[in-house]
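Q: Quick one: this structure, given as structure tokens, is what I'll be asking you about.
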Amino acid sequence: MFRSKRSGLVRRLWRSRVVPDREEGGSGGGGGGDEDGSLGSRAEPAPRAREGGGCGRSEVRPVAPRRPRDAVGQRGAQGAGRRRRAGGPPRPMSEPGAGAGSSLLDVAEPGGPGWLPESDCETVTCCLFSERDAAGAPRDASDPLAGAALEPAGGGRSREARSRLLLLEQELKTVTYSLLKRLKERSLDTLLEAVESRGGVPGGCVLVPRADLRLGGQPAPPQLLLGRLFRWPDLQHAVELKPLCGCHSFAAAADGPTVCCNPYHFSRLCGPESPPPPYSRLSPRDEYKPLDLSDSTLSYTETEATNSLITAPGEFSDASMSPDATKPSHWCSVAYWEHRTRVGRLYAVYDQAVSIFYDLPQGSGFCLGQLNLEQRSESVRRTRSKIGFGILLSKEPDGVWAYNRGEHPIFVNSPTLDAPGGRALVVRKVPPGYSIKVFDFERSGLQHAPEPDAADGPYDPNSVRISFAKGWGPCYSRQFITSCPCWLEILLNNPR
């Protein structure tokens with residue numbers, strides 16, 4: 001039987017969903033670890049899209065490969081076919097149909113909605129409701145959407161647990177298919193391209209009518225359903241999502257007739273962190289001390305840039321972004337630093353949003369990969385390779401936002417993130433896929449200028465500092481931002 005292209009796209013999207021994979025001992029606090037580079041003793045995990053923050057972060061992996069694959073195949077193996085693996089030891093003999101000479105996996109039909117060639121992916125379980133990870137160990141009971149009981153310690157899975165898993169998976173598949181089948185072929189193409197590129201090609205908006213979808217007895221708006229399916233398996237509520245500034249849902253009314261369901265047009269909001277670190281002798285103003293103009297270790301370009309920023313910040317702009325006389329003034333300038341050396345010229349930003357990246361499949365902005373330096377340390381080279389899709393910096397009505405598009409965390413400090421009246425430096429960790437308001441216009445207006453005796457070295461109340469992959473401050477071995485291999489300085493020009 002011939003199948004339409006639309007049904008093939010729907011099946012490919014279903015196979016591209018992600019599976020949570022718990023990491024033991026993971027914590028997203030600011031107290032050090034290998035991922036943020038505070039200790040630097042072990043290498044980073046393989047570059048996968050680890051979405052989430054806080055304790056128990058999840059590593060999410062695509063069920064299907066990112067490359068296009070022929071979706072035409074035969075029907076069949078609907079029950080047992082949902083359990084598939086990509087290599088590894090055979091199923092336990094306690095499972096029905098797992099004999100010595102044959103296996104349920106051996107009769108897999110390549111075109112079925114739940115099937116995958118053995119060499120394409122290391123994920124061995126299906127859907128969001130899997131009880132076991134790739135190594136065969138029982139999953140944590142707190143896994144999102146996993147409503148079934150875990151396997152008893154003394155034997156195989158009970159019939160009730162298997163039955164409930166299949167029901168939950170079938171419900172998710174039914175709700176997802178009902179939503180995707182409402183989309184036109186062009187919208188499905190856009191959605192698939194965004195999912196398979198992991199946001200490298202976010203594409204346009206995918207608009208759907210606001211529907212009363214329900215999953216597990218709970219409301220599941222389209223943006224929540226697809227965000228949970230393709231990016232954040234632990235996502236619980238739509239209020240945790242923030243539409244990006246270029247999305248239809250950003251400007252549309254909250255109760256409008258349509259909503260964008262492209263999961264890469266949304267970011268996840270950074271929630272409150274653990275209590276601030278204990279009092280430190282370092283203050284936010286001490287952070288700026290290494291950039292003091294009298295510091296003899298600064299290069300000529302650094303000193304020239306700092307002096308120029310104080311006297312005439314409007315004189316600097318990237319050559320390719322030189323504005324005409326009719327264009328409005330830039331709202332910020334971006335400086336890229338490697339440790340204590342500024343690399344390249346200041347990049348002036350005129351548009352509402354700008355991408356700052358090392359390697360991006362499609363798009364424009366500030367490409368850090370094109371900035372050359374004769375001598376780079378090994379730590380800088382490693383960190384530059386982790387920038388990837390980088391960040392999206394946007395000026396919005398309430399402030400300046402930074403969205404982490406990469407696969408590694410970023411670390412942010414700004415005057416409006418510091419505790420009012422506090423002297424301890426506050427550095428916020430932003431996991432992949434999350435966004436944070438790095439500069440709050442309202443809070444900035446309420447803050448008083450620092451007292452003269454408190455200002456130790458140059459202090460700019462309208463600047464933001466962002467480090468890629470490596471943290472700094474009281475909770476890390478790096479006390480100063482200039483100890484970070486790759487970081488940005490965002491110099492706001494007349495905030496608001």
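Positions of Cβ are set from backbone N, Cα and C atoms, glycine also.
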Q: Which residue, chosen from S163, S178, S435, S467, is annotated phosphoserine in Swiss-Prot?
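A: Out of S163, S178, S435, S467, Swiss-Prot attaches the phosphoserine annotation to S435.
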Q: Of K173, K181, K437, K470, which does Swiss-Prot mark as ubiquitin cross-link?
A: K173
Q: Suppose you had to name the range Swiss-Prot annotates as region 'Disordered'; which of 136-156, 199-219, 388-408 would you pick?
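A: In Swiss-Prot, the region 'Disordered' feature sits at 136-156.
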Q: Looking only at DSSP and grouping its letters into three states, which state does H265 (Zn(2+) binding site) belong to?
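A: Going by the DSSP assignment, H265 (Zn(2+) binding site) falls within a helical segment, counted as helix.
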Q: I need the CA-to-CA distance for C247 (Zn(2+) binding site) versus K173 (ubiquitin cross-link), whole Å please.
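A: Answer for this pair: 26 Å between alpha carbons.
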Q: Taking just the CA atoms, what is the gap between C260 (Zn(2+) binding site) and S435 (phosphoserine) in Å?
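A: S435 (phosphoserine) has its Cα 18 Å from the Cα of C260 (Zn(2+) binding site).
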Q: To the nearest Å, how far is the Cα of S435 (phosphoserine) from the Cα of H265 (Zn(2+) binding site)?
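A: If we compare the Cα positions of S435 (phosphoserine) and H265 (Zn(2+) binding site), the gap is 12 Å.
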Q: Please count the residues of the compositional bias 'Basic residues' (1-15) that DSSP assigns to helix (H, G, I), strand (E, B) and coil.
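A: Helix, strand, coil within the compositional bias 'Basic residues' (1-15): 11 helix, 0 strand, 4 coil.
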Q: Tell me which residues of the chain lie with their Cβ under 8 angstroms from that of C205 (Zn(2+) binding site), as long as they are six or more apart in sequence?
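A: Correct list: C247, H248, S249, C260, N262, H265.
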Q: How many of the residues that make up the domain 'MH1' (148-275) does DSSP mark as helix, as strand and as coil?
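A: Per-class counts: 53 helix, 17 strand, 58 coil.
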Q: Taking only the residues in the domain 'MH2' (331-496), give me the average pLDDT of this model.
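A: It averages 89.
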